[in-house]
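Engineer: OK, Swiss-Prot features for this one:
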{"type": "ACT_SITE", "residues": "His37", "note": "active site, proton acceptor"}
{"type": "ACT_SITE", "residues": "His138", "note": "active site, proton donor"}
{"type": "BINDING", "residues": "Arg45, Cys105, Ile127", "note": "tRNA binding site"}
{"type": "DISULFID", "residues": "Cys50-Cys105", "note": "disulfide bond"}
{"type": "DISULFID", "residues": "Cys63-Cys116", "note": "disulfide bond"}
{"type": "DISULFID", "residues": "Cys81-Cys131", "note": "disulfide bond"}
{"type": "MOD_RES", "residues": "Gln25", "note": "pyrrolidone carboxylic acid"}
{"type": "MOTIF", "residues": "55-59", "note": "motif 'Nucleolar localization signal'"}
{"type": "SIGNAL", "residues": "1-24", "note": "signal peptide"}
Amino acid sequence: MVMGLGLFLLVFMLGLGLTPPTLAQDNPRYRDFLAKHYDATPQGRNDRYCESTMRRRHLTSPCKDINTFVHGNRHHITAICGDENGSPYGGNLRISTSPFQVTTCKLRGGSPRPPCQYRATRGSRNIVVGCENGLPVHLDESIFRP
(Lines of atoms letter the chains of each structure in order from A and count residues from 1; the text may use other names and numbers.)
(Lines give C-alpha, C1' and ligand atoms only; values in the text may rest on other atoms or scores of the structure.)
Protein backbone atom coordinates (compact mmCIF):
# COMPACT_ATOMS: atom_id res chain seq x y z
CA MET A 1 0.00 0.00 0.00
CA VAL A 2 2.77 2.45 0.96
CA MET A 3 4.76 1.59 -2.17
CA GLY A 4 1.67 2.10 -4.35
CA LEU A 5 1.02 5.50 -2.77
CA GLY A 6 4.66 6.49 -3.23
CA LEU A 7 4.55 5.50 -6.89
CA PHE A 8 1.32 7.44 -7.37
CA LEU A 9 2.86 10.57 -5.79
CA LEU A 10 5.99 10.22 -7.93
CA VAL A 11 3.95 9.99 -11.15
CA PHE A 12 1.73 12.88 -10.02
CA MET A 13 4.73 15.13 -9.25
CA LEU A 14 6.40 14.27 -12.55
CA GLY A 15 3.16 15.17 -14.31
CA LEU A 16 3.07 18.55 -12.59
CA GLY A 17 6.67 19.19 -13.58
CA LEU A 18 5.98 18.43 -17.23
CA THR A 19 2.78 20.43 -17.59
CA PRO A 20 4.08 24.03 -18.02
CA PRO A 21 6.58 23.30 -20.84
CA THR A 22 3.96 21.22 -22.64
CA LEU A 23 1.42 24.03 -22.41
CA ALA A 24 4.03 26.50 -23.65
CA GLN A 25 4.88 24.29 -26.62
CA ASP A 26 1.20 24.01 -27.50
CA ASN A 27 0.71 27.79 -27.64
CA PRO A 28 1.40 28.90 -31.25
CA ARG A 29 1.42 32.61 -30.33
CA TYR A 30 4.11 32.00 -27.70
CA ARG A 31 6.18 29.97 -30.20
CA ASP A 32 5.77 32.81 -32.72
CA PHE A 33 6.90 35.35 -30.09
CA LEU A 34 10.04 33.30 -29.43
CA ALA A 35 10.77 32.90 -33.14
CA LYS A 36 10.45 36.65 -33.77
CA HIS A 37 11.99 38.11 -30.63
CA TYR A 38 14.07 35.66 -28.56
CA ASP A 39 17.76 34.94 -29.08
CA ALA A 40 19.44 33.63 -25.93
CA THR A 41 23.08 33.99 -26.98
CA PRO A 42 23.49 36.17 -30.07
CA GLN A 43 26.65 36.16 -32.12
CA GLY A 44 27.79 39.69 -32.91
CA ARG A 45 24.77 41.98 -32.37
CA ASN A 46 25.86 44.16 -35.31
CA ASP A 47 24.31 44.93 -38.72
CA ARG A 48 25.41 41.56 -40.08
CA TYR A 49 23.78 39.82 -37.09
CA CYS A 50 20.50 41.61 -37.85
CA GLU A 51 20.56 40.77 -41.56
CA SER A 52 21.37 37.08 -41.09
CA THR A 53 19.05 36.54 -38.11
CA MET A 54 16.11 38.32 -39.76
CA ARG A 55 16.63 36.25 -42.93
CA ARG A 56 17.05 32.96 -41.04
CA ARG A 57 13.82 33.58 -39.12
CA HIS A 58 11.88 34.44 -42.28
CA LEU A 59 11.23 38.07 -41.31
CA THR A 60 12.39 39.47 -44.66
CA SER A 61 9.66 38.71 -47.14
CA PRO A 62 8.62 41.48 -47.15
CA CYS A 63 11.34 43.25 -45.19
CA LYS A 64 10.11 43.93 -41.67
CA ASP A 65 10.60 47.60 -40.77
CA ILE A 66 11.78 47.02 -37.21
CA ASN A 67 12.31 44.00 -34.96
CA THR A 68 13.82 43.62 -31.51
CA PHE A 69 15.59 40.52 -30.25
CA VAL A 70 15.66 39.96 -26.49
CA HIS A 71 18.71 38.14 -25.12
CA GLY A 72 19.09 36.13 -21.95
CA ASN A 73 17.10 33.61 -19.97
CA ARG A 74 13.72 32.56 -21.39
CA HIS A 75 12.34 32.05 -17.87
CA HIS A 76 13.03 35.71 -17.00
CA ILE A 77 11.10 36.83 -20.09
CA THR A 78 8.17 34.54 -19.29
CA ALA A 79 8.22 35.79 -15.68
CA ILE A 80 7.20 39.27 -16.93
CA CYS A 81 3.70 37.85 -17.33
CA GLY A 82 3.57 37.22 -13.57
CA ASP A 83 4.65 39.13 -10.51
CA GLU A 84 8.16 37.63 -10.45
CA ASN A 85 9.58 39.99 -13.11
CA GLY A 86 6.69 42.12 -14.34
CA SER A 87 4.14 44.73 -13.42
CA PRO A 88 1.02 46.06 -15.19
CA TYR A 89 1.64 48.62 -17.92
CA GLY A 90 -1.75 49.83 -19.11
CA GLY A 91 -4.32 47.67 -20.85
CA ASN A 92 -3.19 44.07 -21.18
CA LEU A 93 0.52 44.92 -21.30
CA ARG A 94 3.19 44.23 -18.70
CA ILE A 95 6.61 45.82 -18.24
CA SER A 96 9.64 43.95 -16.97
CA THR A 97 10.94 44.98 -13.58
CA SER A 98 14.51 44.22 -14.66
CA PRO A 99 16.32 45.25 -17.85
CA PHE A 100 17.21 42.88 -20.69
CA GLN A 101 19.98 43.02 -23.26
CA VAL A 102 18.30 43.72 -26.61
CA THR A 103 19.27 44.21 -30.23
CA THR A 104 16.89 46.26 -32.36
CA CYS A 105 17.14 45.77 -36.12
CA LYS A 106 15.83 48.69 -38.16
CA LEU A 107 15.41 48.51 -41.93
CA ARG A 108 17.77 50.79 -43.88
CA GLY A 109 16.33 52.25 -47.05
CA GLY A 110 12.72 52.31 -48.09
CA SER A 111 12.12 49.17 -50.10
CA PRO A 112 10.15 46.37 -48.44
CA ARG A 113 11.60 43.88 -50.94
CA PRO A 114 14.70 41.75 -50.30
CA PRO A 115 17.59 41.97 -50.02
CA CYS A 116 16.87 43.63 -46.69
CA GLN A 117 19.56 45.70 -45.03
CA TYR A 118 19.33 46.44 -41.33
CA ARG A 119 21.03 48.72 -38.86
CA ALA A 120 21.60 47.18 -35.42
CA THR A 121 21.20 49.08 -32.17
CA ARG A 122 22.33 47.33 -29.00
CA GLY A 123 21.09 48.24 -25.59
CA SER A 124 19.76 47.26 -22.21
CA ARG A 125 16.20 48.20 -21.26
CA ASN A 126 13.00 47.09 -19.66
CA ILE A 127 10.66 45.49 -22.17
CA VAL A 128 6.88 45.62 -22.57
CA VAL A 129 4.98 42.48 -23.54
CA GLY A 130 1.44 41.36 -24.08
CA CYS A 131 0.61 38.10 -22.30
CA GLU A 132 -1.80 35.26 -22.91
CA ASN A 133 -2.30 32.45 -20.38
CA GLY A 134 0.83 33.53 -18.50
CA LEU A 135 3.08 33.56 -21.58
CA PRO A 136 4.45 36.49 -23.62
CA VAL A 137 2.86 36.61 -27.08
CA HIS A 138 3.61 40.19 -28.19
CA LEU A 139 6.59 42.55 -27.81
CA ASP A 140 5.44 46.16 -27.85
CA GLU A 141 8.08 47.94 -29.91
CA SER A 142 6.19 51.24 -30.00
CA ILE A 143 7.11 51.89 -26.37
CA PHE A 144 10.89 52.04 -26.88
CA ARG A 145 12.39 53.08 -30.18
CA PRO A 146 16.17 53.18 -30.70
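Note: Cβ is positioned from N, Cα and C throughout, glycine not excepted.
Mind running through what each feature is packed against?
Structural biologist: The Cβ of His37 (active site, proton acceptor) lies under 8 Å from the Cβ of Asn67, Thr68, Phe69, Val70, Leu139, each of these being in the same chain and 6 or more residues away along the sequence.
Taken residue by residue with DSSP, His138 (active site, proton donor) is part of a strand.
For Cys105 (tRNA binding site), the count of additional Cβ atoms within 10 Å of its Cβ stands at 25 [all protein chains shown].
In three-state terms derived from DSSP, Cys105 (tRNA binding site) belongs to an extended strand segment.
Its Cβ taken as reference, Cys63 (disulfide bond) is surrounded by 20 other Cβ atoms within 10 Å in the chains shown.
A 10 Å cutoff on Cβ-Cβ distances gives Cys131 (disulfide bond) a total of 19 other Cβ atoms nearby, all chains included.
Within the motif 'Nucleolar localization signal' (55-59), the DSSP-based counts of helix, strand and coil residues read 2 helix, 0 strand, 3 coil.
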Engineer: Between His138 (active site, proton donor) and Cys131 (disulfide bond), find the distance joining the two CA atoms and give it rounded to the nearest Å.
Structural biologist: 7
Engineer: Can you check what DSSP calls Cys131 (disulfide bond), collapsed to helix, strand or coil?
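Structural biologist: For Cys131 (disulfide bond) - judged by DSSP and reduced to three states - the answer is strand.
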Engineer: Write down the Cα-Cα distance for Ile127 (tRNA binding site) and Cys81 (disulfide bond), rounded and given in Å.
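Structural biologist: So the Cα of Ile127 (tRNA binding site) lies 11 Å away from that of Cys81 (disulfide bond).
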